[in-house]
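Contents: one structure, followed by commentary.
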Amino acid sequence: MVSEEVKRIRKEVKKHHKLMKESIPLIASENLLSPLAKEMLISDFSHRYAEGEPGKRYYQGCRYIDEVEVEATNLAKEMFNADFADVRPISGVLANLSAFFGLFESGDKLMSLSVPDGGHISHRKHSAAGLREFDINKIPFDKEKLNIKVEKTLEKIKKIEPDLILLGGSVFLFPHPIEKIKGTAEDVGAKIIYDGAHVLGLIAGGKFQDPLREGADLVTGSTHKTFPGPQGGLIYGSSKYEEKIKETIFPGLVSNHHLHHVAALGVTLGEMKYFAEDYATQIIDNAKALAENLYNKGLDVMGKQNGFTSSHQVLVDVSRFDSGRKVANKLEEANIIVNRNLIPSDKVGETESGIRLGVQELTRLGMEEEEMKMLSKWIADLVMEKTEQDKIKEKVIELKESFNDLHYCYEGKRANPYKYIDLVNK
Ligand SMILES: Cc1ncc(COP(=O)(O)O)c(C=O)c1O
């Protein structure tokens, strides 16, 4: 007998599956797992503990878990051409925290982007960086070019002599100028940490930038945004930081890391070895196509000077029409799922003027420039209130029906990515 509460939960989850199946997902931080990676999530690894490191566990029964973790770690090192990688952080924020607590002290000076300029909350005072009690300073940002102001940043580095310069962000349209900052950072003894949470899949495909080769000391990231793995975190970089980062992760930040996620990450890394380049290329082509088409249809797509985007993201200032929140709600009524976002002219805590769109999930489903064009018309019509939500919603559902296979992975045709897997049949 299944209780009413359990029935309710299952029902809501099933409803969610239907919603996603019938929607255009444009949240820039989400993705879909391949069938082989998904299989890992329901394996027995999800039940187990393996505190510590392979070969040095505090629990018995870990011999196969050890093999998998070593394999996943080696694949990460190979993919990102790094001497050291750790696959245990259970999220991108934990990967950031492992760097913050492993290599820095309370009161150390941090330079990072403000949230309206694209920085993640974990880079600023109300979250991880604040918890570490950093003295937090802003990286000067060009609000037109949507990238770091190099000269002003170099001046500021010389003036305040930071301990840590944190690059990368949540709105991340163009590669950051690591090489131009590196020399001055070194002169004042600052380390560069690059938060690649959003762009990890593009880095894997060699299509955005290569932060380590360009001068970052460490790279942190989420494993589930453009990198199409399980939800989790990753840190990689020079082996000179290995010991400190490892002991910060365990026992500092995780006791048991999520072993089924490690297995799924290993599988995704193995798949991405073969598919990442094509995947990243198509993501960027799609983002550019979406941006250009939205712009041509009359929306204020940001970053025009630099070709709108070089990543998976498109940022649109919708303030001429409504608030970001109202526009995102309007799009949701038509099953187009986006998030409202601060843009550089906004202030933290105020109404968001923008919406952020990410094309990595649609690309994974095999959509290309033609679909981006179609989609841009629907979005522009909805934002400019040229049409009813219901009419577009029907078209969205119809389009989505023809995109039910996964691409850029093995066994994608069997994926049926939005299908609810009913193990009980009740
Ligand atoms: C730049 C950046 N860093 C870190 C994170 C946090 O990642 P996670 O949700 O995996 O903790 C995000 C999340 O969106 C992000 O945008």
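Backbone N, Cα and C define each Cβ position, glycine as well.
Taken straight from TrEMBL:
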type	residues	note
DOMAIN	7-379	domain 'Serine hydroxymethyltransferase-like'
BINDING	Gly119, His120, Ile121	(6S)-5,6,7,8-tetrahydrofolate binding site
SITE	His224	site 'Plays an important role in substrate specificity'
MOD_RES	Lys225	N6-(pyridoxal phosphate)lysine
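Counting in whole angstrom, Gly119 ((6S)-5,6,7,8-tetrahydrofolate binding site) lies 18 from His224 (site 'Plays an important role in substrate specificity') by their C-alpha atoms. Residues from the recorded positions list (Gly119, His120, Ile121, Lys225) with a C-beta closer than 6 Å to any atom of ligand 1: His120. In terms of local Cβ density within 10 Å, Lys225 ranks first among the recorded positions Gly119, His120, Ile121, Lys225. In sequence order, Ser29, Glu30, Asn31, Pro230, Gln231, Gly232 constitute the residues six or more apart from His224 (site 'Plays an important role in substrate specificity') in its chain with CB-CB distances below 8 Å. The residues near the (6S)-5,6,7,8-tetrahydrofolate site, meaning same-chain residues not in Gly119, His120, Ile121 whose C-beta sits within 8 angstroms of the mean position of the site's C-beta atoms, are Ser112, Leu113, Val115, Ser122, His123, Arg124, Ser127, Gly169, Ser170, in sequence order. You'll find the Cα of His120 ((6S)-5,6,7,8-tetrahydrofolate binding site) roughly 14 Å from the Cα of Lys225 (N6-(pyridoxal phosphate)lysine). Each residue contributes its Cα atom, and for Ile121 ((6S)-5,6,7,8-tetrahydrofolate binding site) and Lys225 (N6-(pyridoxal phosphate)lysine) those atoms are 16 Å apart.
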